């Protein structure tokens with residue numbers, strides 16, 4: 001690696017990196033007290049949050065949102081999100097209010113802004129005024145172009161970019177109050193907002209630059225120089241037998257951070273340098289020249305990027321030694337080790353660092369009540385009190401932009417949780433525009449002339465996925481499981497949840513809200529109660545979660561459980577309270593798995609018909625309800641109830657009637 005070349009030198013460069021995924025620091029450190037971090041925004045109380053939320057999104061007047069008005073407005077909000085309409089600030093309501101979302105108000109279905117504004121032309125122009133330092137300009141340009149294409153694919157609308165002058169849709173990034181009277185709120189919370197079609201600010205779309213903008217799966221790092229210039233880092237990558245999940249300076253003596261652009265660097269040798277102000281700057285007037293440290297600004301010497309002289313919080317530097325004389329500057333790019341928020345102006349993590357007398361080698365949640373991962377930006381937080389949040393998965397600029405551009409076309413928020421125009425952000429890996437979105441936009445502009453039309457009569461064909469309705473449709477669920485005391489019903493990318501069978505479950509909700517890494521459709525699911533972990537099966541792989549956190553190393557192949565290679569999918573699985581063993585069903589066979597020994601029991605597989613009384617082959621799901629003494633086997637729209645001790649079948653019933661409260 002010493003042979004890798006780099007432009008210039010980086011004196012005093014901090015070599016520690018903030019590892020993506022942010023594992024806890026020293027496991028041996030005792031629990032730390034919760035402290036107040038300087039520069040941190042104190043979380044709102046539930047009541048403060050509710051008043052602000054209902055005022056912003058449901059029109060409850062902030063100065064007169066008293067208990068009676070609050071209760072009535074709260075029921076409207078709960079109805080919109082499919083929550084129990086209690087009028088109380090219960091846990092599910094507060095959880096919904098705290099989720100990241102669009103800053104526009106909520107209106108049911110695919111309704112439009114007041115007076116249903118729309119563009120009176122099909123040729124729409126847009127202009128990107130500013131960029132986020134989180135992504136390189138090419139990635140931002142591509143994300144916005146793909147977001148517009150979401151709508152042009154299903155309408156006659158056509159979008160073209162201009163680089164000067166006034167466009168129909170002006171796109172920019174900003175922080176807090178950014179000039180339109182609708183301030184953002186720092187990291188998380190409000191992600192973006194857009195104005196309805198019209199003159200002036202009509203159609204304009206703004207994105208909160210206190211968020212970490214990615215493509216939804218962690219920082220997107222495009223390398224410079226090396227032998228893979230312009231390609232993207234591949235995380236994790238393998239170097240000297242070790243996996244790296246972020247840029248590293250390992251193997252170098254100059255402190256420059258690098259990454260491999262393929263998984264196996266030792267095999268492929270493809271690498272580049274990660275963005276850093278010593279390599280290049282963005283914007284400004286220096287044509288991408290790197291920072292020059294130290295540089296002078298208003299008589300003061302700076303040895304790192306600064307926000308001094310700016311009101312927008314963006315980090316910049318001089319590209320000559322004297323800015324006062326030369327007036328040459330550029331904005332500092334975000335690196336794979338930059339922090340977010342806090343009080344360090346995006347400075348990188350420094351490892352190890354000392355916090356309350358303990359040493360941490362990586363990001364930690366110590367000292368915080370919200371579980372957010374953070375790091376110090378000096379070697380000793382106790383002395384310097386400088387810190388920031390560690391990078392997480394971030395928010396998909398493409399998905400958020402596609403949503404906001406829907407507003408810019410005239411669409412309001414949808415009550416359909418499967419719609420792009422639903423107000424709450426949920427990352428979707430293989431995005432498809434829903435039928436609700438298509439119906440809404442085509443009500444305004446009509447269908448795309450490029451789509452084939454049927455001259456005959458009959459219903460309009462469904463173009464996008466439709467959110468299922470459990471009581472009006474005969475749904476065959478992909479999986480059913482009791483997880484942390486709640487019963488979850490899975491169908492495609494949706495779930496419904498309830499505590500008591502027979503009560504109408506809450507939902508539909510998106511699976512990705514709870515388990516974001518899962519594919520759009522699962523085959524089976526069960527909870528391993530001994531460890532309180534949820535296990536999901538899809539195709540020839542399985543996933544293991546602790547709460548909503550995917551265990552390291554997953555997904556894994558079914559063969560690692562001890563299933564034979566010819567088993568390419570699982571029908572159902574459950575942990576039986578009678579013997580604490582897990583049963584896995586596929587076709588007409590089943591296997592028994594020992595959760596303690598982590599291996600299959602000998603003597604399996606066996607035929608279902610030989611061991612289970614009246615249980616059919618090719619099951620859909622199995623659940624052993626905690627404390628009930630019964631297990632339930634689901635197939636199609638019916639279930640069979642089995643008495644655990646005697647193995648007698650005691651009931652056959654309708655899922656819709658007995659489980660869904662229809």
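A Cβ is built for glycine as well, from the same backbone N, Cα and C atoms used for every other residue.
Candidates 153, 644 were compared with Swiss-Prot; the annotation N-linked glycosylation site appears at 644. Among the candidates 134, 136, 287, the one that Swiss-Prot lists alongside 209, 211 as binding Ca(2+) 1 is 134. The Ca(2+) 4 site recorded in Swiss-Prot includes 523, 571, 620, and the single candidate from 478, 492, 503, 658 that the record places there is 478.
Going by what Swiss-Prot states, the Zn(2+) 2 site holds 178, 180, 206, and the candidate of 163, 193 recorded there is 193. Swiss-Prot names 200, 202, 204 as Ca(2+) 2 ligands; from the candidate set 164, 168, 249, the record adds 168 to that same site.
Listed ranges 100-107, 108-115, 116-123; the one Swiss-Prot annotates as motif 'Cysteine switch' is 100-107. When the recorded positions 134, 185, 404 are scored by other C-beta atoms within 10 Å, 404 scores highest. Residue 208 (Ca(2+) 3 binding site) and residue 193 (Zn(2+) 2 binding site) have their C-alpha atoms 9 Å apart, to the nearest angstrom. DSSP labels the residues of the region 'Collagenase-like 2' (397-467) in these numbers: 24 helix, 2 strand, 45 coil. Put simply, 209 is the one of the binding-site residues 102, 168, 209 whose Cα lies nearest to the Cα of residue 178 (Zn(2+) 2 binding site). Same-chain residues with CB within 8 A of the center of the 478, 523, 571, 620 CB atoms, the Ca(2+) 4 site residues themselves not counted, are 477, 479, 522, 524, 570, 572, 619, 621. Counted within 10 Å of its Cβ, the other Cβ atoms near residue 168 (Ca(2+) 2 binding site) come to 21, all protein chains included. In the three-state DSSP assignment, the secondary structure recorded for residue 206 (Zn(2+) 2 binding site) is strand.
The Zn(2+) 2 site, placed at the center of the C-beta atoms of 178, 180, 193, 206, has further neighbours from the same chain whose C-beta lies within 8 angstroms: 103, 172, 174, 179, 182, 183, 184, 192, 204.
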